[in-house]
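Engineer: Taken from Swiss-Prot, the feature active site, proton acceptor applies to K72, supported by sequence analysis. What Swiss-Prot lists as shikimate binding site is S21, R22, S23, T68, N92, D107, Y223. The annotation NADP(+) binding site is assigned in Swiss-Prot to D83, G132, A133, G134, G135, A136, N156, R157, T158, V159, E160, R161, L221, G244.
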Amino acid sequence: MMTAETTGRAACLIGWPAAHSRSPLIHHYWLRLHGITGGYSIEAIPPEGFAEFVMHLSTHGFAGANVTIPHKERALQLTEPDDRARAVGAANTLYYEGAVLRSTNTDVEGFISNLDVAAPSWDRTGDALVLGAGGASRAVVFGLVERGIGRIHLANRTVERARVLADQFGATVIPAAWNTLGDLLPRVGLLVNTTSLGMKGQPPLDIELALLPRDAVVADLVYVPLETPLLSAARARGLRTADGLGMLLHQAVRGFELWFGLRPAVTQELRALVEADLL
């Protein structure tokens, strides 16, 4: 386990099991780039040990942490969450304000920042259509509501799940049955896939992109493979796209700033570094 005494400020990723993550690669790149003495490690903590580990995070030498499966909901209960974490129902970033352990959800910022960079003015192109009603969808929908998108259609194969999620975000979020996509696509300026369809080992997302307006933006949260069938088809039609790797990189920015006191940039060099690790 890393300690602040030997490495300067430190942060970590808490998960179970401790799967391969690109987060250490990202944060160590920024630490080296800015000459900051510090570190970022992966801590494999089972659910039964999570509360104790988090409550003694600073004792372990950490200024904060990222939290991944299966701990995101429990992290919300053990910390003082901000409005984003509360609305999304999950926390993925922990940090201290004085002696108080606080939490936020940087997936929201990661998603929106990635769109701003990849497709400027994306928020002026009409309705949004979000595919899927799982945990990732909550962060996306909250970000779109926060940005002021007037109408957000939320489609899921089990429409009741979409309805339950939509009810939590107000009248601008409208649940939709999967078989109504053909009617929705012609008025959609932003299409977002939050499902696992198109991920390596999963079937591709079957959707008729020809129905989208020519100025529409297509975003996919999947980043393995980097070029999903959905994004490939969208680019072939001349549509602007935003990939899942961009969201991964941008969501890491806020945590680094909270822990190490400097807001880093998502550079092409960093992107190339992580892309190489994905291959």
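Note: Cβ is positioned from N, Cα and C throughout, glycine not excepted.
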Engineer: At the level of the C-alpha atoms, what whole-angstrom distance separates R22 (shikimate binding site) and A133 (NADP(+) binding site)?
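Structural biologist: Cα of R22 (shikimate binding site) to Cα of A133 (NADP(+) binding site) measures 25 Å after rounding.
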Engineer: Could you check which of the binding-site residues D83, N156, E160, L221 is the closest Cα neighbour of T68 (shikimate binding site)?
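Structural biologist: For T68 (shikimate binding site), the spatially nearest of the binding-site residues is L221.
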Engineer: Name the secondary structure element type, per DSSP in three states, that contains D83 (NADP(+) binding site).
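Structural biologist: The residue in question, D83 (NADP(+) binding site), is helix (DSSP, three-state).
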Engineer: List the Cα distance (Å, whole number) between S21 (shikimate binding site) and E160 (NADP(+) binding site).
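Structural biologist: Here the two Cα atoms lie 33 Å apart.
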Engineer: Long-range same-chain neighbours of A133 (NADP(+) binding site), Cβ under 8 Å, sequence gap at least 6?
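Structural biologist: Spatial neighbours, sequence-distant, of A133 (NADP(+) binding site): L154, N156, T158, R161, A162, V164, L165.
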Engineer: Compute the centroid of the Cβ atoms of S21, R22, S23, T68, N92, D107, Y223, then list the same-chain residues not in that set whose Cβ lies within 8 Å of it, in sequence order, for the shikimate site.
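Structural biologist: Other same-chain residues with Cβ inside the cutoff are L13, N66, L248, Q251, A252.
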Engineer: Return the residues near L221 (NADP(+) binding site), defined as same-chain residues 6+ apart in sequence whose C-beta is under 8 angstroms from its C-beta, sorted by sequence, else 'none'.
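Structural biologist: Residues satisfying the criterion: F111, A136, V140, V192, N193, T194, G244, M247.
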Engineer: Output, ordered by sequence, the same-chain residues six or more apart from S23 (shikimate binding site) with a CB under 8 Å from its CB, or 'none'.
Structural biologist: L13, Y40, I42, N66, A252
Engineer: Would you find the one among the recorded positions R22, K72 whose Cβ has the most company, meaning other Cβ atoms within 10 Å?
Structural biologist: K72
Engineer: My understanding is the cutoff is Cβ-Cβ under 8 Å with a sequence separation of 6 or more in the same chain; which residues meet that for D107 (shikimate binding site)?
Structural biologist: V88, N92, A136, A139, M247, Q251
